[in-house]
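Input: a single structure, listed below in structure tokens.
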């Protein structure tokens, strides 16, 4: 296919038009008085949202150069969302401001490479200043305040704070749709996986249709168990100990399963068999996690262990096990804390080195099951449109709160970026050409506050001047129009969110400014429709 090639100023301006179209759509959502954007869907109800990355993903432009410009900015929003879970609109506003100022300077003859270097050094200085001024998040109330701002709802903020208090920052907080109104929180203690009992005859609590064991042994095997003679030696040892047995294996069937069921029905020996969670290599990893958590070993021929030779010291233990039709929960495994910490550290390293979103999600789940726990927030609403919008807001707020716990918080509403940034840039030593890059960043760090003011119906220039003269940490509460101590009012942003937004915006601005040519697909003319059949639709 033929290509269109554009050079110099024309190329950069084409990209900028696409950036501006996307940024102007997204930035109306910024701040407590930001508006929503309605997104049409090919199927089903439209989506109403104020989430920057969701809006950005939906924007497709006709002009090939504008399309490329918009795609570059989408990448800023997506990267910020991936790293910090929020701040997507802020990152787009910052990118637009940097590109606009930068292109003016390039058009006036500034060296793009020096500009880029100046921008990078300035952003590094501002990021360092933000981290230095950060306040650690310690109390449940502080976490709730952070989550409330992201979700725009204090009740959601309180529920997220409770969830993180229970499961810790490594724990998993998932958001599910509910058939009822309101928002509920459910906490799962211990490790839970989505495999239930292999036979309903194992049930010990008929009312709840669950098998509940106190202090059972746990047999973990990575192969299929069909023969009763393989299972009998270890079962005999467990019977002599007077305890119950949970069997986790690739599968349990045939005479092995029948024998366990018969012994349970006759009241001779209580046990329950479940399939191992996951598939392939992930199954092996999860079995190893269960073994570490319960203080047992995976009985596998790969490590020279056979089921018929298994002894009680190879079995795991837990304070309580609950098995339902669909899932198994192991509470308070007897594994050593050192081994669990080592396993957690290993998974964390894998998480850092993983590029796949799917793998990262699964590793995060494993990490949570070992180190924290799982909290489920169930959200309901009157209509499907409201339900989807509410669920999305809660997911963003969860990630925002986790980011706050990780690196701390700074004053929100664009105040920290403006105040910390201005003082950091004042002391920065740069060459005369790089100093132009500093001026671009100095102008850009005002942009979020300007947009928040504009969306609140205030005069941006007046607000920026006022906030610049206020003490560190004071700023504009855009919901009331008052100038207040932001942190004491609960108006805060996680440092990770603000820092990621600034760094990602600077990265894309540098690419824009150093672009000298753009190669795009040349749209093919659509073939003219053929002549209509004169006899079509007539009966003969």
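Note that Cβ sites are derived from N, Cα and C of the backbone, with glycine treated the same way.
For residue 88 (ATP binding site), the number of other Cβ atoms no farther than 10 Å from its own Cβ, over all displayed protein chains, is 30. The ATP binding site annotation in Swiss-Prot covers 29, 30, 31, 32, 86, 87, 88, 89, 90, 413, 493, and the record cites sequence analysis as its basis.
Annotated region 'Disordered' per Swiss-Prot: 520-540, in sequence order.
Looking at the residues that bind ATP per the record, 29, 30, 31, 32, 86, 87, 88, 89, 90, 413, 493, the two CA atoms farthest apart are separated by 16 Å. With a cut-off of 8 Å between CB atoms and residues at least 6 apart in sequence, the same chain places 413, 451, 452, 455, 456, 478 near residue 31 (ATP binding site), listed in sequence order.
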